[in-house]
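To start, the structure under review is shown below, and the notes come after it.
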Amino acid sequence: MRLDVVTIFPEYLEPLNVSLVGKARARGQLDVRVHDLRQWTYDRHNTVDDTPYGGGPGMVMKTEPWGDALDEILADGYETGSHGPVLVVPTPSGRPFNQELAVELSERPWLIFTPARYEGIDRRVIDEYATRIPVYEVSIGDYVLAGGEAAVLVVTEAVARLLPGVLGNAESHRDDSFAPGAMANLLEGPVYTKPPQWRGRGIPDVLLSGHHGKIARWRRDEALRRTTHNRPDLIEHCEPSAFDKKDREMLSILGWEPDPEGVPHGRFWRRPEGVEE
Ligand code: 6GU
């Protein structure tokens with residue numbers, strides 16, 4: 001996979017030399033090219049921004065540097081045999097980045113990222129390239145970052161670990177909490193390793209029992225418990241058929257009720273805190 005990143009802060013992308021992504025690059029599984037947007041400025045001050053039409057606070061990134069950068073990168077890629085580029089535009093107003101989108105992007109041979117600073121990029125740039133190649137405007141969560149570079153690191157790591165041969169074990173993603181098509185998207189429960197005692201704290205007995213069935217059940221119960229606590233929305237959106245008899249027993253203990261009157265599609269529902277029957 002080829003990755004191009006165009007930014008005014010190339011140093012911000014240094015972490016792409018480290019760990020999983022760095023190793024994938026060293027092995028030749030990822031061809032990462034970070035470009036300084038100011039290469040495509042031609043004035044004395046290397047200007048990349050200007051005031052917004054219509055007024056308002058902040059600055060907007062100018063069309064010309066982005067257009068020249070993207071034209072040159074696309075031409076270079078095509079000349080050197082790359083194909084099927086997509087543009088990934090990090091923005092807090094994008095669609096939520098999730099595991100499904102990570103899988104979709106991991107299936108493309110070439111991603112071009114355009115992390116912006118200031119109030120974003122002049123809209124005409126995105127509209128122009130959307131007539132040529134697929135464009136994904138993505139947000140990594142409901143908060144505002146000062147720029148898209150951190151989002152590029154997030155998306156790159158989520159995508160790179162899905163590439164064939166990048167993670168050690170091909171089995172490892174099937175169980176990911178948010179693997180598409182997982183029966184139920186539950187959060188994973190706690191994990192433990194040696195020593196068996198630490199500061200007076202032991203390991204749950206079941207994990208030392210060697211009883212694989214009981215261990216699997218315990219892990220599932222802990223996943224249901226943690227998901228109830230941290231992401232109740234995931235349980236509310238689950239198809240009830242994702243839950244077996246033992247799941248339902250645990251869900252009941254955790255306060256969930258199956259198929260209550262008035263809940264669409266027969267999903268699980270939990271009485272809001274402090275509301276009595
Ligand atoms: Cl992709 N960019 C910025 N600037 N802020 C964000 C974001 C992206 N995703 C969430 N917040």
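Cβ from N, Cα, C; glycine included.
These figures come from a predicted structure and were not determined experimentally.
Per TrEMBL, the stretch carrying the note region 'Disordered' among 209-231, 255-277 is 255-277. Of the listed binding-site residues, namely I140, V144, L145, the sparsest CB environment within 10 A is found at V144. Sequence-distant neighbours of the region 'Disordered' (255-277) (same chain, 6+ residues past either end, Cβ-Cβ under 8 Å): 228, 232, 235-240, 243, 248. Contact annotation for binding-site residues (I140, G141, D142, L145) versus ligand 1: I140, G141, L145, each with CB under 6 Å from a ligand atom.
Cβ neighbours within 10 Å of D142 (S-adenosyl-L-methionine binding site), excluding its own Cβ and spanning all shown chains: 7.
Report note: the S-adenosyl-L-methionine site is defined by I140, G141, D142, Y143, V144, L145, and the residues of the same chain whose CB lies within 8 Å of the CB centroid of those residues, excluding them, are P92, S139.
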